[in-house]
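Have a look at the structure below before the remarks.
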Amino acid sequence: MGVPVPGCVLLGLVLLFTLGLDKAAEGCSCHPAHPQQHFCYSDVVIRAKISGEKIVSPSNTSSPYMKMVQYEIKLIKMFKGFDKVKDIQYVYTPLYSSLCGVKLDSNNKIQYLLSGHIRRDGKVSIGLCDFTEPWDNLSLTQKKNLNYRYQMGCDCKIAPCYTVPCSTITDNECLWTDWVLDNSLSGEQARQHACIKRSDGSCGWYQGGPPPEKDLLDLSDP
């Protein structure tokens, strides 16, 4: 069983206020997603620098809302997407943040972690609802998890908890309690844990160090 694909959706103000999503901007809001969920449901996950940018638009329309920012990138490392693309020179994002466009520094100095999706035309798109973070903002554990642990847990489901009491429904779920414990979607579990499948088929939080069977944390009862 998998989690719904994180993505951009146009939701009402009620949802914005009740969930307190910190990446909402006017018409754009995002389903809460753990970094592992971003990884598992992205077509491409890379580490890159942005070396240039320009505004482009489809040739068959003059609408300003169809304009995209084309970021030229310098690819440093690919964590996911080897089977889908051989090389990435550009990534694309909507021009406006209200359409989930993301603003990146294009001075070729900042390294980013970028997760995105491959469009029908083969181009890679990124947005506010994807995992786009300066590389230096990631924890050491997150950087390590990108190499293989997130992938190991893609068969697990991460279930967010917004109010107590809350609990898992099936054995293949990890209960994500950052919101109730830290009032943040970037708390301890997001920065330091991966949800990994155990040898018996159940899933649990793994914090690194010894093999998963020896260091799984059961946080199903916050």
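Numbering starts at 1 and runs along the chain as it is shown here.
Using the three backbone atoms N, Cα and C, a Cβ is placed for every residue, glycine included.
TrEMBL entries are annotated by machine, without manual review.
Noted in TrEMBL for the protein shown:
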- 1-24: signal peptide (SIGNAL)
- Cys28-Cys100: disulfide bond (DISULFID)
- 28-154: domain 'NTR' (DOMAIN)
- Cys28: Zn(2+) binding site (BINDING)
- Cys30-Cys129: disulfide bond (DISULFID)
- Cys40-Cys154: disulfide bond (DISULFID)
- Cys156-Cys203: disulfide bond (DISULFID)
- Cys161-Cys166: disulfide bond (DISULFID)
- Cys174-Cys195: disulfide bond (DISULFID)
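Cys174 (disulfide bond) has a Cβ environment of 28 other Cβ atoms inside 10 Å.
Checking each of the disulfide-bonded residues Cys100, Cys129, Cys156 against Cys40 (disulfide bond) by C-alpha distance, the shortest gap belongs to Cys156. Here Cys100 (disulfide bond) is positioned 7 angstrom away from Cys129 (disulfide bond), judged by their C-alpha atoms. For the pair formed by Cys28 (disulfide bond) and Cys161 (disulfide bond), distance between Cα atoms is given as 22 Å, rounded to the nearest Å. Over all protein chains present, the Cβ of Cys203 (disulfide bond) has 21 other Cβ atoms lying within 10 Å. Checked against Cys203 (disulfide bond), the disulfide-bonded residues Cys30, Cys100, Cys161, Cys166, Cys174 differ in C-alpha distance, with Cys174 being the nearest. In the three-state DSSP scheme, Cys40 (disulfide bond) falls into the helix class. Counting residues of the domain 'NTR' (28-154) by DSSP class, helix then strand then coil, yields 25 helix, 47 strand, 55 coil.
Neighbour count (other Cβ atoms within 10 Å of the Cβ, all protein chains): 24 for Cys40 (disulfide bond).
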